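Noted in TrEMBL for the protein shown:
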- CYS75, CYS111, CYS145: [4Fe-4S] cluster 1 binding site (BINDING)
- CYS221, CYS225, CYS228: [4Fe-4S] cluster 2 binding site (BINDING)
- 1-23: compositional bias 'Basic and acidic residues' (COMPBIAS)
- 66-184: domain 'MTTase N-terminal' (DOMAIN)
- 207-437: domain 'Radical SAM core' (DOMAIN)
- 440-503: domain 'TRAM' (DOMAIN)
- 1-24: region 'Disordered' (REGION)
Amino acid sequence: MNEEQRLNKTPDGSEVKTEEKDYSQYFNRVYQPPSLKDAKRRGKEEVEYHDDFQIDERFREMGNGRKFHIQTYGCQMNEHDTEVMAGIFMALGYTFTPDRTKADVILLNTCAIRENAEDKVFGELGHLKSLKRERPDLLIGVCGCMSQEESVVNEILSRQPHVDMIFGTHNIHRLPNILHEAYMSKEMVVEVWSKEGDIIENLPKQRLGHIKAWVNIMYGCDKFCTYCIVPYTRGKERSRRPEDIIQEVRELAAQGYKEITLLGQNVNAYGKDLEDLDYTLGDLMDDLRKIDIPRIRFTTSHPRDFDDRLIEVLAKGGNLVDHIHLPVQSGSSAILKMMSRKYTREQFLELVAKIKKAIPNVTLTTDIIVGFPNETDEQFEETMTLFEEVGFDTAYTYIYSPREGTPAAKMQDNVSMEVKKERLQRLNKLVNETSAKAMAQYEGQTVKVLVEGESKKDPEVLSGYTEKNKLVNFRAPKEVIGEIVEVKVTDAKTWSLDGEYIGLVKQKETV
Ligand code: SF4
């Protein structure tokens, strides 16, 4: 179908009226530009709770004979949003294609956390231009966190005319309507709500695997760390009802999933907004650990909200894994203050001591930003010493990158990029050495591995992860994919372990 035909036919085949349309009026209706200022408002809007999502009868046949492709950037939250959008596409009759040259709709589900993530998306949009030229009926959409940013939307509106749709993180449930508008119109459809966010319970999901599953427990973030764009792109903190989460995990257990990861931008804030309930992440974990599913994790936690109740419940062990990812970001109290992290170095160390006392075998990993504006040599050294003092197994490390619209982006910076890079190199050296040491301790030990599939490098080798999230490669029959097995570690590398397959772990032993 060409551009002209697209205008005259709806996706379900019915004719569209062909009289002259006043598109300026039309786009006054569908164009809702994002606003970081509006997105910062908190507490003025009630969170709406919906459990009545339905595909409108008009759209049911929309995808018949059509294929979709979604390219996902960024965090697990985005991967899970992709599962929801895939579910909606399939409910509309579309089928998935891994080959985007065969797709009728391509979505880029974007990440705004770092500048290079945005650069990748703009690069990708450049590549898609020629595909659109060859096939004008192809629909191209941009969604996810980048589409919540005014500057990105303006850039796409003015310089990427081959994009058909831009929609935000609060508009995913509107995908059928947005596709419908895009098929009918010749202008870009932009629908990005700068609102605090709702909870929509019964959206369809097409999960990407059968072994591990993501479960959202809350949305948004109210922490407003000065470098972070997430509170603006994902709305205010809002928790799902415990009964809905418990039901979802029960269903996943019944379907044979072996591991779930509870997701939220700041999972430890779970429950704070539930006005009629006194119920926290600790309470939720305590209820979930009784479900017969071998492994339960959560990400990402904020040290400020990591309370005693959660530590007490995690200490019960069982299917609650003893690996905690606890982003510290900096070891200097002065930098933490400028980042508005709301804890000091001392408070972080106290928290770590409490966790270690309650869970002696715990493995801690973290995120660290180096080169925050005006970070001194001494302040950077404090990060190096904190990393060692805590005894983190490993860390994800980054050079600070300013995000337009955040308070940190307005800070004057007197640290050169050369110095920032040197600091990152020094930190990475320490992290690599520490990781190698932590891995070496596994040599000769037997570990339990959830087998995910063939190794990326060698299809004859299988790979999977331990409870502590260590990657293990070993040879075994393919039938054990999806099972928890015992492997004896023979060789430790910096980032992975090699081992010999021993056998299946009996179901009862896994919990
Ligand atoms: S807690 Fe995490 S998501 Fe929230 S503002 Fe801070 S860094 Fe961003």
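Backbone N, Cα and C define each Cβ position, glycine as well.
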Query - Residues flanking the [4Fe-4S] cluster 1 site, with Cβ no more than 8 Å from the Cβ centroid of CYS75, CYS111, CYS145 and excluding those residues themselves - result: TYR73, GLY74, MET77, ASN78, THR110, ALA112, ILE113, ALA117, GLY144, VAL230, THR233
Report summary line: As a whole number of Å, the Cα atom of CYS145 ([4Fe-4S] cluster 1 binding site) is distant from the Cα atom of CYS225 ([4Fe-4S] cluster 2 binding site) by 16
Query raised in the report: So which of the binding-site residues CYS111, CYS145, CYS221, CYS225 sit close to ligand 1, that is, with a CB under 6 Å from an atom of it?
Result: CYS221, CYS225
Query - Check: same-chain CB within 8 A of [4Fe-4S] cluster 2 site center, minus CYS221, CYS225, CYS228 - result: LYS223, PHE224, TYR227, ILE229, VAL230, PRO231, GLN265, ASN266
Report summary line: DSSP, reduced to three states, assigns CYS75 ([4Fe-4S] cluster 1 binding site) to coil
Requested in this report: Take the domain 'Radical SAM core' (207-437) and average the pLDDT across it for me.
Outcome: 96
Requested in this report: Sorry to bug you, but what's the C-alpha spacing from CYS75 ([4Fe-4S] cluster 1 binding site) to CYS221 ([4Fe-4S] cluster 2 binding site), rounded to the closest Å?
Outcome: 15
Query raised in the report: Roughly how many Å separate the Cα of CYS111 ([4Fe-4S] cluster 1 binding site) from that of CYS228 ([4Fe-4S] cluster 2 binding site), to the nearest whole number?
Result: 12
**Report entry** Helix, strand and coil residues within the domain 'TRAM' (440-503) as assigned by DSSP
**Finding:** 4 helix, 35 strand, 25 coil
Query raised in the report: What does DSSP give as the helix, strand and coil breakdown of the domain 'MTTase N-terminal' (66-184)?
Result: 66 helix, 23 strand, 30 coil
Report task. Output the one of CYS75, CYS145, CYS225 that, of all these binding-site residues, has the highest number of other Cβ atoms within 10 Å of its Cβ. Result -> CYS145
**Report entry** Surrounding CB atoms that lie within 10 Å of the CB of CYS111 ([4Fe-4S] cluster 1 binding site), all protein chains
**Finding:** 21
Query - Rounded to the nearest Å - Cα separation of CYS228 ([4Fe-4S] cluster 2 binding site) and CYS75 ([4Fe-4S] cluster 1 binding site) - result: 14
